[in-house]
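Note sheet for the following structure.
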Amino acid sequence: MTAIAPVITIDGPSGAGKGTLCKAMAEALQWHLLDSGAIYRVLALAALHHHVDVASEDALVPLASHLDVRFVSTNGNLEVILEGEDVSGEIRTQEVANAASQVATFPRVREALLRRQRAFRELPGLIADGRDMGTVVFPDAPVKIFLDASSEERAHRRMLQLQEKGFSVNFERLLAEIKERDDRDRNRAVAPLVPAADALVLDSTTLSIEQVIEKALQYARQKLALA
């Protein structure tokens, strides 16, 4: 009998710190890593590259079904490869982020990408980063964590990130964009952004990233020991 690889799902809104937490957990446990948000960003970028309308579900489904994407972990960094090209930086632009949130609202697009996401489940285990990992993609995951933070704190973190990269940003505008995206993600008809019933809800608003990692790893190790 083939062993089923365990999965730790990390869900939550944009800017809560999921990416940093997932990389740290994957390194600590030596597990595979899936950035599901990157898959939607890659699809959005592929649509922009191929001049496919991101507002058209009919046009997006074939593209999603044949999306050539893979993840390569190098020296602790996750490289996102689209059609043989490293697009790790390109998918992180605000234009692609907004388009990704839009394409994620279509039920048939999400269905087309489900199989690709589930294919990342391999031994010794998988850390899955997203918005519906614990509720839709891996509902049988033995460990589920919902990482949250206030919209103000997430806007502040994003502002610091952008400033470090040399960008001039307006906090109020950034906060408005985050609130708008939260509203869209939490109220969409398919796979809305909500914690799984059996998830640990971890609020990172007043915690350092080291504290978040410590709490998440402690919880995961306890749950996996019982599984």
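Every residue gets a Cβ built from N, Cα and C, even glycine.
Features as listed in Swiss-Prot:
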BINDING   GLY12, PRO13, SER14, GLY15, ALA16, GLY17, LYS18, GLY19, THR20  ATP binding site
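Swiss-Prot feature annotations superimposed on the structure.
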residue : record           : contacts (Cβ under 8 Å, 6+ apart)
GLY12   : ATP binding site : LYS18, ARG131, PHE146, LEU147, ASP148, ALA149, LEU193
SER14   : ATP binding site : ALA97, ARG154, ILE178, ARG181, ASP182, ASP185
ALA16   : ATP binding site : LEU147, ASP148, ALA149, ARG154, SER204
THR20   : ATP binding site : ILE209
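Cβ-based neighbour count (10 Å, all protein chains) for LYS18 (ATP binding site) stands at 26. Classification of GLY12 (ATP binding site) by DSSP places it in coil, neither helical nor stranded.
Under DSSP, THR20 (ATP binding site) is assigned to a helix (H, G or I) in the three-state scheme. The ATP site is defined by GLY12, PRO13, SER14, GLY15, ALA16, GLY17, LYS18, GLY19, THR20, and by the 8 Å test on Cβ atoms against their centroid, the other residues of the chain that qualify are LEU21, LEU147, ALA149, ARG154, SER204.
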